[in-house]
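Taking it in order: structure first as structure tokens, then the write-up.
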Ligand SMILES: Nc1ncnc2c1ncn2[C@@H]1O[C@H](COP(=O)(O)OP(=O)(O)OP(=O)(O)O)[C@@H](O)[C@H]1O
């Protein structure tokens with residue numbers, strides 16, 4: 001809705017006024033920030049100059065302490081003020097080019113109407129009370145996202161405030177000048193959203209604070225439930241909502257919650273780079289970002305050669321013809337399931353009674369403490385003591401055994417031989433060193449002991465060091481064998497799994513798992529169950545600092561991974577966001593209904609929000625992609641139009657390459673900055689890259705790519721998860737490449753990465769996933785016949 005010229009002039013005046021005030025305030029505080037910084041540097045440099053250090057008498061010591069404290073207090077006070085002012089300065093500088101994006105006029109009964117201007121940070125008049133701009137996260141600003149003009153209410157710490165919204169206005173202000181202004185009747189005017197969504201993509205994700213939608217706002221401001229689950233269609237703003245949510249929580253709980261107490265689990269390292277600018281743009285520090293694989297590697301890579309999820313998916317996509325394939329797929333699915341989780345829990349319960357496995361403690365080729373002795377000792381402890389605590393008791397016992405064995409060992413012949421290797425000088429040196437060390441360790445050490453004894457003690461102590469480390473790290477527990485036992489002893493597994501609990505192809509699953517374990521390799525599907533079992537036995541390591549965990553692409557997490565994250569972060573709330581339609585891994589979990597995720601904290605503490613509106617792609621692309629998924633009518637496109645997707649049937653591979661080059665050049669000429677040529681696998685990506693590299697400037701994305709940039713990318717579909725491009729070219733949409741049912745979601749995921757343009761290429765027959773789409777929803781073209789046929 002356009003607004004009257006007079007109103008517009010008033011708004012222009014106000015924008016100029018607010019910018020002037022911001023600039024004045026900046027000019028005012030900038031010198032203070034500089035001077036404070038100098039003061040902090042000065043105090044740090046000359047900290048000791050003003051402190052009189054004297055410990056001669058007790059009084060002097062007290063005085064010294066007090067003068068140090070005074071100096072330290074002064075320093076921390078200056079640092080605090082500096083931090084506070086410089087943050088304020090940064091906020092104001094960010095506001096100058098675009099001070100606000102929304103205005104609402106809100107009237108509470110009995111009070112005058114308040115004009116509320118909303119921006120990315122608050123800015124107050126000199127009186128310190130009147131808001132010239134409200135931060136988008138303030139309680140009153142939620143009205144802007146939740147209501148159209150009319151009756152409206154918002155929550156405050158003091159209770160619900162009710163009233164009437166008399167006006168809702170939106171602005172686009174760039175570089176200090178007003179570009180657009182609309183009055184709107186709907187919640188957030190589609191005009192502004194249209195405008196935002198039709199822009200080209202950037203190399204980085206953008207903030208959406210000016211156009212947050214009502215249902216997204218529910219996600220952002222939800223702070224009641226322990227577990228928030230968001231199931232949302234492709235492009236419905238799950239990642240966006242999650243990031244604005246983090247910014248919201250950091251603002252609301254700024255006294256107690258810091259950015260490093262929040263963790264985001266991303267699907268891959270490149271995604272981390274893609275989202276890393278959103279929070280800084282909102283004036284917040286970035287939360288910690290990681291991948292689950294990174295955690296597994298941190299814990300397991302010392303012991304095993306670990307497979308990562310991308311190697312696993314490559315296997316699934318390419319090894320169909322290999323022997324053992326069906327068994328492996330069955331294993332992947334089973335090992336991610338709640339049924340296997342239950343088996344592991346039952347296993348732990350049975351280990352409380354029997355079956356623990358230990359490793360011999362060996363020294364110089366012989367067994368010093370045998371695994372059988374350890375087992376006997378272990379089961380001699382009271383059975384009511386928790387398994388992990390019994391492991392600690394055993395650890396203590398082993399330590400004390402080792403002390404006794406060390407004393408015996410000192411008299412062994414090999415110790416004499418070691419000493420004989422030393423010449424007089426080395427001997428004397430070694431003796432002096434040993435004496436000094438032993439004295440440090442034990443002040444009551446008797447100096448007059450024979451020097452040979454001293455040396456013997458030293459030598460044995462040195463050689464026992466690796467044993468002590470083994471004991472400290474609980475390596476006497478044979479975790480690989482404990483895990484392997486499940487696949488080795490069928491009767492044990494049957495007992496733990498209960499009647500009918502043995503999954504399909506179990507023999508294959510067992511032989512494959514054991515074969516991998518024998519060469520110290522751990523498949524991706526085994527890593528988390530293995531670690532989970534190990535932690536059940538040895539005790540869970542926990543992180544009590546983290547208060548909030550966000551899991552994106554949550555459909556790709558297994559029941560085990562959820563259970564694990566819950567244990568790892570016992571003081572944390574969880575936000576999980578995903579889309580079961582994009583579940584490309586064989587172990588994927590549905591998020592809603594009775595699933596492991598939904599059960600994790602129980603109904604009471606779990607809230608689920610479903611997003612059905614898709615914002616990323618044009619209407620035509622959404623209509624086309626949703627037709628690939630039978631029964632997916634619930635996905636609603638946002639009314640932004642562009643060209644229909646184009647399906648190109650090439651007469652030869654060469655004709656396809658030729659056309660892709662032409663199309664990419666045309667798309668770039670049209671202003672599409674980010675273009676992806678999406679392939680199915682790493683091998684196909686490599687081949688496409690090689691075929692195109694001479695003619696286009698390309699970037700090949702692999703699982704190790706850590707940054708997301710503009711330009712033309714060649715990328716396997718599973719790495720394109722979560723990110724988006726102006727234009728997507730699907731390199732091979734033929735039925736040779738996408739045919740099996742388990743490839744449907746991968747195909748869908750690849751196509752839904754497109755914002756404005758989607759083109760699919762095939763040499764030969766089209767994939768059945770395109771053949772099911774109503775031909776009216778795309779343009780079909782045959783290429784290359786005249787030149788290459
Ligand atoms: N309220 C909004 N205002 C403006 N843009 C939005 C809004 N919501 C989503 N978008 C845009 O839609 C696109 C998709 O958002 P996002 O990546 O957060 O979706 P997603 O649900 O995580 O997608 P996917 O599951 O397909 O990876 C982004 O470009 C984002 O900026």
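Each Cβ is built from the backbone N, Cα and C atoms, and glycine gets one as well.
As recorded in TrEMBL, the features of this protein are as follows:
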BINDING   232, 233, 234, 235, 236, 237, 238, 239  ATP binding site
DOMAIN    211-618  domain 'UvrD-like helicase ATP-binding'
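A C-beta separation below 8 Å, combined with a sequence spacing of at least six in one chain, links residue 236 (ATP binding site) to 579, 611, 612, 613, 614, 615. For the binding-site residues given as 233, 234, the lowest number of other CB atoms within 10 Å of the residue's CB is seen at 234. Sequence-distant contacts of residue 237 (ATP binding site), defined as residues of its own chain at least six apart whose C-beta falls under 8 angstroms from its C-beta, comprise 208, 213, 216, 611, 615. Checking the binding-site residues 232, 233, 238 against ligand 1, the ones with a C-beta less than 6 Å from an atom of that molecule are 232, 238. For residue 235 (ATP binding site), applying a Cβ distance below 8 Å and a minimum sequence separation of six or more within one chain yields 614, 615, 616, 617, 622, 724, 752.
A 10 Å cutoff on Cβ-Cβ distances gives residue 238 (ATP binding site) a total of 26 other Cβ atoms nearby, all chains included.
The ATP site is defined by 232, 233, 234, 235, 236, 237, 238, 239, and by the 8 Å test on Cβ atoms against their centroid, the other residues of the chain that qualify are 240, 579, 611, 614, 615, 616. Model confidence over the domain 'UvrD-like helicase ATP-binding' (211-618) is summarised by a mean pLDDT of 90.
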